[in-house]
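> Dumping the structure here so I can ask a few things about it.
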Amino acid sequence: MNSLRFALRLLRRDWRAGELRLLAIAVVIAVASVTSVGFFTDRIERAMARQASEVLAADLRVESNQPLPGFLLQEAERRQLAHATTLSFPSVILHRDSTQLVQVKGVSDTYPLRGKMRVRDSVTGADRVADTVPASGEAWLEERLLPLLGVAIGDQIKVGKRSFRVSRIIVYEPDRSANLFQLAPRLLVPLGDIEETGLLGPASRVRHYLLIAGPPSEMSDYRYWVEDQNIGGLQVEDIRSARPELRSALDQGGRFLRLAAATAILLCMVAVALSSRRFVERQSDSSALLRCLGASRRQVTRIFILRLLSLGLIASLIGVFTGLGVQTLLIRLIGHWFTSQIPAPTAWPLVSGLITGILVLIGFSLPSIIRLGEVPPLRVFRRHLDAPPISYRLFLMAALLSLSILLVWQIGNDEMALRLISGLLAGLTILLLISRLLVFVLAPLRHLTAGSWRYGLASLSRNPATTTMQLTGFGLGFTVLLLLAIVRVDLLSSWQGALPDDSPNQFLINIQPDEVEAVRDLLAQGGIMTNGLFPMIRGRLVSINGDPVSRDDYDNPRAQRLATRDFNISHATQPQRDNKIVSGRWWSESQRNESWFSVELGLAETLGIPLGTELEFEVAGSRVMGRVENLRSVEWDSFNVNFFVIGTPGLLVQQPATYITSFYLPAEKRQVLHSLIQRFPSITALDVTALMTQVRSIMDRGALAVESVFLFTLAAGLIVLYTGIQASHELKVQETAVLRTLGVKRSILLLSTLLEFALLGGLAGLISAALASAISYSLANAVFNLPWELNISMWLAALLGGAVCVGIAGTLASRSLLNTPPLVTMRKA
Amino acid sequence: MLQPSSNQHPVTASGLVKFVETAAGRIDILQRIDLEVSPGEAVAILGASGSGKSTLLGLLAGLDQASSGEVRLFDTPLSGLDEDGRAALRAGKVGFVFQSFQLLSGMTALENVMLPLELAGHQDPEQAAKAALSQAGLALRLHHYPSQLSGGEQQRVALARAFAPDPRILFADEPTANLDAHTGERVADLLFKLQEQSQTVLILVTHDEMLAGRCDRRLYLRDGMLESEA
């Protein structure tokens, strides 16, 4: 006998008979959710990253203080990547008798590769997108240069030996925010004209940039290729390494989306497990008959496994294409939110959908299905002979393995996956224990009640296995749904709330120590609140525990960059409000003279700096040494002033420092800033509004995407509800018919069914609320780093919602049994 | 007492004992059953409800294992075989008819009859199944599901399924018990007609004296012991 052909033939018959529909629908939804979420998140994340790439005006930026070797550009051309070249240096420009220090930027024709420049043709004109770069002989400049130089549109200015006509005012320059700490106002000229200025001498402080854009995989390849060239003094940056605020927002958004996708998978796993159990019950006769007719145990097992895998493959394919269709619809709905075109889908979510479908079936269905081979053939005579009970060890191992693989893979964050898995395992254990307890308590209780209560409670206590399975299924399903609801409502708002409307949008840097008091007074008089003025010291990490720090010690490109760059170090007696000490302790006032450092967690992990490490920095020619006393997490997307490394005042107060502050400047108070700059010309004011807008848009789109994913999870939740209710259907058929034959009224049975399911649903809802709260607390603290609050109304909603939804759905599903004459039901049985 | 002897008997049982251990103690179901059935013979096993008829049928068919004693099917001792070995011995050579028909509800009449043929690796299971159904008078019911057939028709499908692979032995467990007298008689007619045509050994378990009377031999199961016609 050809088992595959036979299995396929049986599969076709099963499908027609509706035997496998429930299982198939669960797989289709699982795969459709994963695929659509996969496609959607993949495309949205890429679109978000592309939009965020505006901060670099490219996907990748290669930077050096030496002219960049020509082969870097040639390689980019060979790989057919979009490219642009820019350079930037400080210089004094001249207009009549006025001079002004500016940051000159020369750009090639293709600049910018990501984002658009916005310009105005006159001081009062409307701003518009610039489709070109300045023509030869023309210069565009920042508006604040006009009064400083006394220059107007159309005037000539002199940059070195070359004259330029001022033709436009720069309103927005995409990559301006990647260089927040540039001191001088911008002057933009064509790259081709720079040579004639004669300013590119050996002593000039020129930074050379090669901007690259292209598909993400090509970008990684090109990046690795550049890093393999080992060119000294070269820095390669993408958006994640360029601005911690954007990196943080992008990462957080991605975490939310992946968690949302994982919840849909989890629900489908519960649905598959529930429907598999039902399938096994319904196929036991078929298995016994096959064995009776001469099929071996192995043959029967093989036939059922092949049926399952064939079903998995077909259902996964349907799911994959459903997912593809759904994500197209979603992209159409929100595509216009993005300034750039949303990238085309890649094939990976298709493959990932198929793998998910098969993995879900193997983990949550196979352990049940293989029991079918064990159904005793004698069942043909004695219907009570079932397959041996499922091996919980095997089931747990398979489920845990499949769950772990899928969650770690889909979430892409080991800690989040681990917390979710342990939370669910703990939840499963609690649900199993409570189910047992429920059956134990209800058994004597039913004798104390009468009527509908008695039948309802009896039904729950009479079938402990079914009650346990239903309570566990509903409980896990509700937990996942509530978890997503918490993420969707509480954590998302918390994330968006982390960047309120009055978040700092201005930085003042280069404040000299003797200007600090005056600046503080001026801002206070203008009604502008700051979080304080912080000392900022430039220092380079030279040794860790006495070992010199070298770029070659690290494989990670970020670590290599950090090992060679200057840090902005500060000293303080108190940590910043948005900093959280994750290990060690902050120093007390009496310890201010100790030689201690506080290091940002991400930096410590990247460079391998545990608590107690001795760090040595070179600051203005001298060495500063101290021990790492604590590690901090920092909310980079808060836009507050933050530092990777903070020392005790005693360690750093003698070092040369300038001061920095950030604050929210409403439009109507811009005058305060102008007066401050006029009084202290050496201070540089940086407007980060554009960068904040980028972060906000990432948050908004992230939130919308999570909302969309919630719909899939909801659909999966409905399947769990249906399969859970169906789990006791077979038992109810017989019981209802017998009770009705014995004269129990239809209304009493209807009410007892309602009570039975409402009790199950309410209890599952309550337990789920506790589980979801615990898991979300753990995730909020350890993964999202967001404040968490106990949501009592959610507990109430879960209790009532569970009771009402399961109660009504269960009653509706059982109505057909009550409407069918008992004789018909019993004949069928 | 019937003495088991010749190896030419398709089914023999010697000293067959079946008991079950329960919390309340041991319950003896069958005690030293000896039986031999000749080729083409139709044997009825009669007994009251709960006398162990179906248990004996299950043991003879190799669906269950005896506590002691031996069953030989086609001269092969079943005690030396594991469950898969016993299944392989049955494949294509043993047919069953049950009181509750045991048709798979998701399959049509044709598909139900094709099932044992497909399992036995028959060259053209569809044609063979059609022929069997036609012989059972169900040529116009090929694509009907069990729920669309009457009780009598369902049992006729079950008979077609049992005889389609041309088995050497047919075990029948109360084949007419679920049917009214008239329908039961028509089903019995078909059963004996097919058995006679194919010269299949028939071991029929029933409590119906009339039905048993159509067999070559009647045996009574009383107190776990098998007795020949009184």
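Every residue number used here counts from 1 along the chain in the order it is shown.
Quick reminder: no glycine exception, Cβ is built from N, Cα and C everywhere.
The shown structure was predicted, so the numbers you read here are calculated from the model rather than taken from an experiment.
As listed in TrEMBL for this protein:
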- A:23-196: domain 'MacB-like periplasmic core' (DOMAIN)
- A:260-366: domain 'ABC3 transporter permease C-terminal' (DOMAIN)
- A:709-822: domain 'ABC3 transporter permease C-terminal' (DOMAIN)
- A:20-40: transmembrane segment (TRANSMEM)
- A:256-274: transmembrane segment (TRANSMEM)
- A:304-326: transmembrane segment (TRANSMEM)
- A:347-370: transmembrane segment (TRANSMEM)
- A:390-409: transmembrane segment (TRANSMEM)
- A:421-445: transmembrane segment (TRANSMEM)
- A:465-487: transmembrane segment (TRANSMEM)
- A:702-725: transmembrane segment (TRANSMEM)
- A:757-780: transmembrane segment (TRANSMEM)
- A:792-813: transmembrane segment (TRANSMEM)
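Let's see these features in context: how buried, what's close, how far.
The DSSP breakdown of the domain 'ABC3 transporter permease C-terminal' (A:260-366) into helical (H, G, I), extended (E, B) and coil residues amounts to 92 helix, 0 strand, 15 coil.
Note on the domain 'ABC3 transporter permease C-terminal' (A:709-822): DSSP counts are 99 helix, 0 strand, 15 coil.
A Cβ distance under 8 Å defines the sequence-distant neighbours of the transmembrane segment (A:20-40), meaning residues of its chain 6+ beyond its ends; these are 11, 14, 257, 260-261, 264-265, 268-269, 271-272, 275-276, 278-279, 307, 311-312, 314-316, 318-320, 322-324, 326-327, 330-331, 345, 348-350, 352-354, 356-357, 360-361, 365, 410, 705, 708-709, 712-713, 715-716, 719, 722-723, 726.
A Cβ distance under 8 Å defines the sequence-distant neighbours of the transmembrane segment (A:256-274), meaning residues of its chain 6+ beyond its ends; these are 23, 26-27, 29-30, 33-34, 37-38, 41, 44-45, 356, 360-361, 363-365, 368, 399, 402-403, 406-407, 410-413, 416-417, 420, 424, 469, 473, 476-477, 480-481, 483-484, 487-488, 491-492, 495, 702-703, 705-706, 709-710, 712-713, 716-717, 719-720, 723-724, 726-727, 779, 784.
Within the chain, the transmembrane segment (A:304-326) has long-range Cβ neighbours (under 8 A, six or more residues past its boundaries) at 3-4, 7-8, 10-11, 14, 20, 23-25, 27-39, 283, 287, 345, 349-350, 353-354, 356-358, 360-361, 365-366, 369-370, 372-373, 712.
Sequence-distant contacts of the transmembrane segment (A:757-780), counting only residues of its own chain at least 6 positions beyond either end whose CB sits under 8 Å from a CB of the stretch, comprise 259, 416, 419-420, 423-424, 426-427, 430-431, 434, 438, 456-457, 460, 467, 470-471, 474-483, 485-487, 490-491, 494, 725, 786-788, 790-791, 794-795, 798-807, 809-811.
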> As a test: from A:390-409, A:421-445, A:792-813, pick the stretch that has the greatest number of Cβ pairs under 8 Å with the transmembrane segment (A:465-487).
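Going through each listed stretch, the top one turns out to be A:421-445.
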> Within the same chain, where does the transmembrane segment (A:792-813) have neighbours whose Cβ lies under 8 angstroms from its own Cβ atoms, ignoring anything closer than 6 residues to its ends? I mean 6 or more beyond.
474, 478, 482, 485-486, 721-722, 724-726, 729, 750, 753-766, 768-770, 772-773
